[in-house]
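Take a look at the structure below.
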């Protein structure tokens, strides 16, 4: 094939240009994102039961839904929460790669059979099913800059005019509203009700009947009589619209003609639909929306569409209303991709300089440089064909591929130059001879490197998805690199290189002359050193065994994790006060935290958005969540201005706040997997010991974790048990008094929890009508005695006649995981300790709990455990496939061992570099380690291929090996140094995404340094030992 293109260089150029064109088109078509779709698809079922306690919700709603979620394909785990605010949610997480739409359909089908078992109030509110993740990709704050709108005006406008349009944007899974629209609020006065001998049910019945839209029909509708001359729509009663109209609703007409109207027994006003949240942006009253990504949607594209839609809506905002982006993930993605592109360009420049140093001829250096854009563009075409995206993983793989793809072209050019110098052949003749010599080595290198990465593509789960991005990208680049080296590079060598006279070399003057002298002198020393090693093999075998021991030691000592943490330009702060604390008490703590950020971190902080009433562990008056957005990475100090440094300082400051637990934490490495960095587990009650026993086990576990110095900030990601007022109904007394239990329940719900009655029209939008006791009549336990229920004889019976109340402790938020009662425990490893080690410690601590309690890992920790279990299999399969490819290449079962034995020499360097830099054994490191395995084998192949060929032609084994070492030293050092300098920008990068670049670059760089230094000595030793043990008969030339 090479000879064909040597004679037809224009044909080779045409193919290269076409490859570049297709790649260029692919780049503009490929989506951009931080990661591919790594988070498992989530389907969330949400139900509302106004006024219900968490225990009531769990018993009547949550468990009913859970028990019907059977027979779902690819379900990984299921979690549920029942909140004292009346909301229940069941989240089902499916294996990565599951079609989210199909998952939603299956969940909806199973839900249908559960609907009739749910309370009527829940059915009236509706049960929603959405494919959505757990974390926000955008948090938008809305503020009135001129103060013309109060917080409820802002919230109503946002809920009425912005929330729905944004929820219909393609890619949006769900939207959390930190505020609510207006509703018609009917605040009942129990004393006035009783004075008119009326009950709460009388009020709701009157509203239902008199606030209704009646479909009457038509005047002259078909079928009509002959000669009918008129057809018109008939309107009658319609929905009410104003508080005045509601006040005029007639509750009763007395015999004397007097009336009791709604305004006589209640205060009617426009009020908030929900009073759960209180939001602030940079200290000003605000409302907000949290945008969640639909499963399978592109984060970057969705965020851009949402912001574009907001810009369209903003032109209709009331005067003074503006939106601010309080939290977003796209800036980090853009910045990290830009940084990787910068790294890519730096790598190309460094590789060019290394090649020029060795080749010492601009034309010769230009040839492998031309191969770089051709192969990269071709790789983008392959990514497009596979439906992949431009993301952090594929770009990291591109940087790694830089060093790999120039190797093939370097080997070709270097060998052509050597033949021209030694034999005086023309460039065309030298190229033909060179390709005949090294074509087998090129194919062998491609096979081995492909063999290392191809098995990665077949692993499942989130880790497998990460592996696949690297695998497809690097293998595509490798295959294209070999094709370019056999098609374009020979054609370029034959046409671009200038002929050399026999014995003539480049670089005979100046710096290059000095460099060549030094290199040749060291090459001679190297050859003599190899000869000594071959004569003293036992000593070097002992050294090799010691190196193996060091490798195993480092492997066991290197801490583990899933993905490195990144400075994402934002973080969150959660606030939790003791149970029973009020919204105003929580707000005071929030104001303290705001003051700290704006005072001590003003050089780093762009904005602070706080929502009182919403927390990562649940909703309530005693919790708050704050979104901290930082200034651009370029505006912050690279050491003191990182998010990690800010969080560390904030943690020390917040430890002084005694009235609340304040936790500042980084977002999870992968959006949609957990709520923060660190580990995430569920403590489960397998024995059904009950809530109190589970809480005792939780407290015991947290106490044990607090005593362990390798753990930090281990906490329950939920709400603590709080005082609850239990109302006991004596049903015998109630029945004796003629009071219906349904009437008692309806009155309790209306008075204390609010009842949704029906809807009304407000400025062209349908909104809700709620009936509830006025605030002064539901503040104290004894207020229950103010309420009356009508018995079957028409008499008014007070609650004190059949009801008593008592205090007890209960949870405002109950959790379940995979069908068991559970509590979520989150935490972090102490500085210098990996999350993998922290997870091992937590597992050992759980074993100290009473029997019947166990743990399951969830979110990111689940994936970390999965990746840790897959890593040994990945290494083993890759090494096995490499061995088989080498066996096929050399037609020998023995020769591959001389290549395979070199692999640990690269691995120990990768481990040592990673360990010395304080990094961890994560997925990125594992990918880098596989790269090192392939490159270590590649260097060995360059020597073994030549030595084996000469040995088969009848040359002495010792001389053949030394000759191969002498001939291959320069290309080995050149390709290795090119690769090392190619990944140097990754290992030294700063700014967005530098954590991932360090994780990949450090291990690969360390591995290549050790593999290059050690392998050039050990490869000839292993080849000679293997050949002596398994000699071959020489083949005639």
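Note: Cβ is positioned from N, Cα and C throughout, glycine not excepted.
From a predicted model like this one, the values you see are computed outputs, not experimental measurements.
If you look up Swiss-Prot, you'll see 1-9 (among others) marked as topological domain 'Cytoplasmic'. In the predicted model, the topological domain 'Cytoplasmic' (1-9) shows an average pLDDT of 74.
Under the heading transmembrane segment, Swiss-Prot lists 10-28 (among others). Residues 370, 373-374, 376-381, 383-384, 390, 480, 484, 487-488, 490-492 of the same chain sit 6 or more residues outside the transmembrane segment (10-28) yet have a Cβ under 8 Å from a Cβ within it.
Annotation comment: Swiss-Prot describes 29-339 (among others) as topological domain 'Periplasmic'.
Residues annotated as transmembrane segment in Swiss-Prot, with similarity to another entry given as evidence: 340-359 (among others). When Cβ-Cβ distances below 8 Å are used as the criterion, the transmembrane segment (340-359) is approached by residues 365, 368-369, 372, 392, 395-396, 398-399, 402-403, 406, 410, 413-414, 417, 506, 515, 970, 973-974, 977-979, 981-986, 989, 993, 997 of the same chain, each at least six residues removed from its ends.
Sequence annotations record features per position, and here Swiss-Prot assigns transmembrane segment to 366-385 (among others) based on similarity to another entry. Listed by sequence, the residues of this chain that lie at least six past the ends of the transmembrane segment (366-385) yet keep a Cβ under 8 A from its Cβ atoms are 16, 19-24, 26-27, 29-30, 348, 351-352, 355, 394, 398, 401-402, 405-406, 408-410, 412-413, 472-473, 476-477, 480-481, 484-485, 488-489, 492-493, 496-497.
Annotation comment: Swiss-Prot describes 386-391 (among others) as topological domain 'Periplasmic'. Sequence-distant neighbours of the topological domain 'Periplasmic' (386-391) (same chain, 6+ residues past either end, Cβ-Cβ under 8 Å): 27, 30-36, 298, 337, 380, 469, 472-473.
Annotation comment: Swiss-Prot describes 392-413 (among others) as transmembrane segment. Remote same-chain residues near the transmembrane segment (392-413) are listed as 34-36, 333, 336-337, 340-341, 343-344, 347-348, 351, 355, 359, 364, 367-369, 371-372, 375-376, 379, 383, 434-435, 438, 441-442, 445-446, 449, 466, 469-470, 473-474, 477-478, 480-482, 484-485, 489-490, 493, 497, 924, 927-928, 931, 935, 938, 942, 971, 974-975, 978-980, 982-983, 985-986, 993, 996-997, 1000-1001, 1004 (criterion: CB distance under 8 Å, separation of at least six residues from the stretch ends).
For the topological domain 'Cytoplasmic' (414-441), residue counts in helix, strand and coil come to 25 helix, 0 strand, 3 coil, using DSSP. Here Swiss-Prot flags 414-441 (among others) as topological domain 'Cytoplasmic', drawing on similarity to another entry.
Residues annotated as transmembrane segment in Swiss-Prot: 442-460 (among others). With a cut-off of 8 Å between Cβ atoms, the residues of this chain six or more beyond the transmembrane segment (442-460) that come close are 95-97, 404, 407-408, 411-412, 467-468, 470-472, 474-475, 478-479, 481-482, 485-486, 870, 874, 877-878, 881-882, 884-886, 888-889, 899, 927, 930-931, 933-935, 937-938, 941-942, 945.
A Cβ distance under 8 Å defines the sequence-distant neighbours of the topological domain 'Periplasmic' (461-473), meaning residues of its chain 6+ beyond its ends; these are 35-40, 95-97, 379, 382-383, 386, 388, 391, 393-394, 396-398, 400-401, 453-455, 670, 673, 863, 866-867, 870, 874, 923, 927. Residues annotated as topological domain 'Periplasmic' in Swiss-Prot, with similarity to another entry given as evidence: 461-473 (among others).
Under the heading transmembrane segment, Swiss-Prot lists 474-496 (among others). When Cβ-Cβ distances below 8 Å are used as the criterion, the transmembrane segment (474-496) is approached by residues 1-2, 5-6, 8-9, 12-13, 15-16, 19, 363, 366-368, 370-371, 374-376, 378-379, 382-383, 397-398, 400-401, 404-409, 411-413, 416, 427-428, 430-431, 434-435, 439, 442-443, 445-446, 449-450, 453-454, 457, 931 of the same chain, each at least six residues removed from its ends.
Feature annotation from Swiss-Prot assigns topological domain 'Cytoplasmic' to 497-537 (among others); the stated evidence is similarity to another entry.
Marked as transmembrane segment by Swiss-Prot on the basis of similarity to another entry: 538-556 (among others). Nonlocal intrachain contacts for the transmembrane segment (538-556), taken as residues 6+ away from its ends with a CB within less than 8 angstroms of a stretch CB, comprise 901, 904-905, 907-908, 911-912, 915, 921, 1014, 1017-1018, 1021.
What Swiss-Prot records for 557-870 (among others) is topological domain 'Periplasmic', and it gives similarity to another entry as the kind of evidence.
Sequence-distant contacts of the transmembrane segment (871-890) (same chain, at least 6 residues past either end, Cβ-Cβ under 8 Å): 440, 443-444, 447-448, 450-456, 459, 467, 896, 899-900, 903, 926, 929-930, 933-934, 937, 941, 944, 948. Annotation comment: Swiss-Prot describes 871-890 (among others) as transmembrane segment, evidence class similarity to another entry.
Sequence annotations record features per position, and here Swiss-Prot assigns topological domain 'Cytoplasmic' to 891-896 (among others).
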Taking the transmembrane segment (1004-1026) as the reference, which of 897-916, 923-944, 972-990 gives the largest number of Cβ pairs under 8 angstroms?
897-916
What is the number of residues in the topological domain 'Cytoplasmic' (945-971) that are helix, strand and coil, as DSSP sees it?
23 helix, 0 strand, 4 coil
For the topological domain 'Periplasmic' (991-1003), give the DSSP counts of helix residues, strand residues and coil residues.
10 helix, 0 strand, 3 coil
In the topological domain 'Periplasmic' (917-922), how many residues does DSSP assign to helix, to strand and to coil?
0 helix, 1 strand, 5 coil
Within-chain partners of the topological domain 'Periplasmic' (917-922) [C-beta distance under 8 Å, separation at least 6 from its ends]:
555, 558-564, 832, 834-836, 998-999, 1002-1003
Under DSSP, the topological domain 'Cytoplasmic' (891-896) has how many residues in helix, strand and coil?
2 helix, 0 strand, 4 coil
